[in-house]
């Protein structure tokens with residue numbers, strides 16, 4: 001390693017990233033000059049090491065060329081020596097206590113080793129150190145008080161006793177500015193019972209993390225010690241629990257979204273214990289949690305990695321880095337345990353602790369004891385600081401402290417407030433001294449304090465203690481159920497994918513009688529869940545929703561506006577429930593009222609805007625047209641004129657944005673907008689809406705393509721036009737059918753034939769279904785509203801009304817019906833790609849065509865849906881715990897009301 005004989009460094013320092021770039025540059029320069037002897041890169045490196053790195057005179061000249069390197073090495077060396085001196089002084093001053101507490105009375109005379117930098121360095125290079133004594137004991141020195149660890153252990157032990165489970169006591173010796181902690185080993189469980197107990201205890205830890213606003217309980221801070229999960233870092237206890245503020249937003253939509261974000265930020269999701277997408281959003285995010293898995297984690301961002309080490313070709317490349325968090329992995333003997341299989345154990349522990357806390361005032365008193373001092377708060381991820389540090393070690397910036405500071409000044413932002421300037425100044429000064437900046441909050445102050453003791457006033461909207469008191473007031477059985485939903489949703493991401501479960505529906509014993517009562521019961525459960533999960537702020541209601549990604553993961557976010565997975569779908573469901581059910585439900589009426597107020601406020605606010613977001617979607621299911629559709633539905637359901645006024649008002653927004661549409665399809669694009677425009681024309685008789693629809697069609701057709709056997713649209717992320725309702729030709733045909741129905745233009749009929757021809761080219765006689773070309777193999781088939789025969793059946797039924805003599809359309813209709821009624825069904829329950837959507841299509845078909853055998857299949861599928869709903873553990877949490885309309889439970893509720 002570079003400078004390994006130098007007085008300016010020691011073996012531990014040489015492992016730092018500090019010197020590697022200068023070493024690489026120096027090797028390169030010596031090689032270019034022809035100064036490295038040897039026939040191979042390895043021999044040349046050995047020569048460099050022997051001739052240059054072992055030459056004290058050369059090392060001294062190199063340090064003179066890079067004065068900042070010399071300063072930092074001396075700084076590191078001094079801080080290491082100072083820290084070791086402090087540790088030894090403390091060790092020998094407390095020798096008898098340490099022998100008694102940590103060594104079972106066994107004496108020691110010295111240390112085998114003191115291993116620094118077992119964690120980030122703060123406040124002059126201070127960090128956690130591993131200390132190995134000569135009697136075989138290993139313990140950890142921590143450069144801060146461990147009083148909070150002791151308080152936490154007392155509270156945790158109390159809850160364990162109250163919930164009827166044993167606990168393991170960790171040994172701590174705490175002082176004002178440092179403490180000693182015993183080493184906890186990662187050891188396996190001995191039997192199944194210990195595994196269950198481990199996750200029950202994790203549930204208790206999860207409750208305490210939730211109650212205290214913890215955000216740093218990730219895998220590196222928890223060790224799986226047999227049946228005992230042990231938390232080893234309490235610096236961020238208690239955390240700061242965010243609260244609503246009048247400054248949250250100027251519009252109703254911004255305020256309710258902020259309230260939802262705050263609820264999620266203060267939930268179990270953000271404790272760090274549960275699997276969540278980290279280090280990036282969407283497809284770039286990776287799952288990190290304390291629910292350890294054996295899988296390696298690959299960073300979604302690139303980091304500098306040394307390549308061709310120990311050769312003269314040594315260089316740095318930027319690439320994702322793999323890492324594994326091992327200490328939190330739970331094993332049964334040698335078998336790694338999947339925490340997802342023990343979700344209910346976690347929930348039992350969480351709920352038992354939650355209920356004890358609600359019933360036992362002593363728990364709240366013990367929790368309040370955490371708010372008598374300071375705790376660490378994270379203002380910027382350590383990873384960001386580390387990347388700034390690594391960049392500043394480039395040779396170009398190691399000429400002087402001023403050069404490094406000039407680079408680190410990028411932390412400052414243009415137009416930053418004087419408050420943020422003070423924060424950034426401290427961050428830069430810390431990084432210049434190779435410290436990771438650290439900040440603290442005081443329980444009874446709105447200030448934030450930096451590691452140098454500086455106070456930055458009025459950083460927080462209220463004190464941590466005040467915020468915690470508000471958090472405790474909202475704890476209830478309803479909140480407990482909500483947190484359990486979040487736990488189940490999060491843990492489901494650890495489940496191994498078992499593919500798409502398929503079935504051929506058959507009648508189920510016990511479901512052929514009293515079906516109406518069973519359906520009513522399920523509808524009421526869904527209404528109850530929707531009302532209980534509502535987030536209310538002023539005259540508005542919102543819900544948490546799921547955002548899905550291509551990598552199979554999802555994250556919780558504030559639910560949007562559109563029908564697919566936003567408030568429009570919930571409004572439709574509640575409106576129909578309140579209209580069809582004669583029973584009084586004050587809660588449902590209130591939530592419905594608040595939901596429609598939010599929907600109307602959204603229309604009013606966006607209508608006022610002079611400039612619209614060009615990325616607004618226009619589709620009938622997942623776009624602005626879905627809001628218009630919702631208003632039209634409410635108008636037909638209630639007959640109230642106000643809904644027609646809002647439908648027209650909202651369509652005026654689509655008038656201004658439809659030319660920017662890039663989605664094109666029925667679900668999210670202008671094909672769906674055309675359908676809604678024609679619906680408005682039919683309801684109002686206003687020719688303007690038909691003319692807009694016709695203009696949309698002209699633009700839409702220009703963006704399609706001839707296929708050699710018809711016509712279609714190649715959408716983003718696809719290799720060619722698709723079949724089906726959501727994104728395929730059936731959805732586009734619904735738009736053309738609506739236009740043709742108005743004026744019977746031959747042009748539209750001809751275009752429908754072209755679309756038919758292409759879609760039918762994707763029909764497989766062998767499969768009895770249309771190919772789903774989203775799969776690269778081209779041999780994938782779905783049997784759902786969104787893709788495959790059921791959605792295609794809807795389009796053919798519509799076309800057959802317009803072209804009753806067309807035999808190809810009739811043939812398609814019969815083929816699609818056979819696939820829907822007799823084909824393999826997905827076990828999912830939702831409208832979009834599950835049983836609920838298929839049941840609605842079946843009912844519509846039977847109402848028009850009738851068929852005794854098909855009616856029996858319809859009843860069988862209905863049995864299957866009700867059976868699944870009676871056994872929610874069989875249903876994916878992303879459906880059953882998701883309140884969305886198209887891919888969640890409110891749409892299933894709508895289907896149940898339709899099939900009554």
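Each residue, glycine too, has its Cβ placed from N, Cα and C.
Among the candidates 786, 862, 864, the residue that TrEMBL annotates alongside 832, 833 as binding Zn(2+) is 786. Following the DSSP three-state reduction, the secondary structure of residue 786 (Zn(2+) binding site) is coil.
Counted within 10 Å of its Cβ, the other Cβ atoms near residue 786 (Zn(2+) binding site) come to 25, all protein chains included. Shown in sequence order, 726, 782, 784, 785, 787, 830, 831, 834, 837, 886, 887 are the same-chain residues outside 786, 832, 833 whose Cβ sits within 8 Å of the Cβ centre of the Zn(2+) site. The Cβ neighbour count for residue 833 (Zn(2+) binding site), using a 10 Å radius and every protein chain shown, is 25.
Predicted-model confidence for the domain 'Lantibiotic biosynthesis protein dehydration' (66-441) is 90, expressed as mean pLDDT. Classification of residue 832 (Zn(2+) binding site) by DSSP places it in coil, neither helical nor stranded.
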